[in-house]
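Student: Shown below is the structure under consideration.
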Amino acid sequence: MNITINGKPHEFAEGATLADALEQFGAPDRGVAVAVDGTVVSRGSWRATPLESGSVIEVLTAVQGG
Amino acid sequence: MDDPLVIAGREFGSRVIMGTGGAANLSALERALLASGTELTTVAMRRADLGGGSGVLELLNRIGIEVLPNTAGCRTAAEAVLTAQLAREALGTHWVKLEVVADEDTLLPDPVELLDAAEQLVDQGFVVLAYTNDDPVLALRLEETGCAAVMPLGSPIGTGLGIRNPHNIEMIVSRASVPVVLDAGIGTASDAALAMELGCDAVLLATAVTRAQDPARMAAAMRAACEGGRLASQAGRIPRRFWAQASSPGRPMEQ
């Protein structure tokens, strides 16, 4: 299934969870937060969050700015 | 703590809030932050790419400065609310510098989206420090929604044009019952001193320090200017007069 992470398309096996996708994407272990289709999913729920084809994931972290 | 800045019940010994944008590298930023004496510093939220974060969080943690995430770059209330929620999740703080700008040329706050975002975030339990126009009406509206501080601009972000409408800042200060932080437009130390003389409780600045030729020295100048301006504000300046007034009576010789 096709999932968009930070604006780029990624292909994942059917049944992949949010945790699987983030691991494959290479998201850092700390200091990041994740939203799926505009809703924040806390770290503790990543393993229990199934993905659907077409889901849009944003992975944000703190950077210099503002 | 002598004369602390108090925001949402939290005390800070410094009245300089720093931004982190524009620094050439992390070690230059570290020297500038230390020289400024700041205890609260803002960071932006962006997409995490492979290879991890920028190291700015580790820096702030290591030198013991409180992190204030911001919503820089957001154009709509929805975008700003989601960014604040992600910052809370990523950084473990429910404080946010709320910034919702209208367009790239002015980077001026969009008042409609700003007020909407402020209401939503306050309802969700955030401590909201709102970056706002130098509009006394909007500043009061933001306070009424429950913002913990209002942060009017002196002039547009990054311009270094100083405080273009000091009278508006004075009007905002005179009616506010939450801290007023002069945010954006500061170019040099006298601008920071003026902000404090006008009665602001603190200043928030980044570019004026990070893009100065000697950032650490400019940071020290801002710290001194804030302290001087604060003292002058508390001391109470003399009224302005049209004509001269001699400080010593009469003339040396009888006429």
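Placement of Cβ uses the backbone N, Cα and C atoms for every residue, glycine included.
According to TrEMBL:
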- B:7-249: domain 'Thiazole synthase ThiG' (DOMAIN)
- B:LYS97: active site, schiff-base intermediate with DXP (ACT_SITE)
- B:GLY158, B:ALA184, B:GLY185, B:ALA206, B:THR207: 1-deoxy-D-xylulose 5-phosphate binding site (BINDING)
Student: Who sits close to B:ALA206 (1-deoxy-D-xylulose 5-phosphate binding site): which same-chain residues at least 6 apart have their Cβ under 8 Å from its Cβ?
Tutor: B:MET18, B:GLY19, B:THR20, B:GLY21, B:GLY22, B:THR42
Student: So of B:GLY158, B:GLY185, which of the binding-site residues has the fewest other Cβ atoms within 10 Å around its own Cβ?
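Tutor: Comparing Cβ neighbour counts within 10 Å for the binding-site residues B:GLY158, B:GLY185 gives B:GLY158.
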Student: Expressed to the nearest Å, what is the distance separating B:GLY158 (1-deoxy-D-xylulose 5-phosphate binding site) and the residue listed as 'active site, schiff-base intermediate with DXP' at their Cα atoms?
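Tutor: About 17 Å separates the two Cα atoms.
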Student: Just to confirm: which same-chain residues, 6+ apart in sequence, have a Cβ under 8 Å from the Cβ of the residue listed as 'active site, schiff-base intermediate with DXP'?
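Tutor: B:THR42, B:LEU68, B:PRO69, B:ASN70, B:THR71, B:LEU129, B:TYR131, B:MET151, B:LEU204 - these are the non-local Cβ neighbours of the residue listed as 'active site, schiff-base intermediate with DXP', listed in sequence order.
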Student: Short of 8 angstroms on C-beta distance to chain A, which of the listed recorded positions (B:LYS97, B:GLY158, B:ALA184, B:ALA206) are there?
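Tutor: From B:LYS97, B:GLY158, B:ALA184, B:ALA206, the ones near chain A are B:LYS97, B:ALA206.
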Student: Per DSSP, to which secondary structure element type does B:LYS97 (active site, schiff-base intermediate with DXP) belong, with helix, strand and coil as the options?
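Tutor: The three-state answer is strand.
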Student: Excluding B:GLY158, B:ALA184, B:GLY185, B:ALA206, B:THR207, which residues of the same chain place their Cβ within 8 Å of the centroid of the Cβ atoms of the recorded 1-deoxy-D-xylulose 5-phosphate site?
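Tutor: Same chain, not in B:GLY158, B:ALA184, B:GLY185, B:ALA206, B:THR207, Cβ within 8 Å: B:GLY19, B:PRO156, B:ILE157, B:THR159, B:GLY160, B:ILE186, B:LEU205, B:ALA208.
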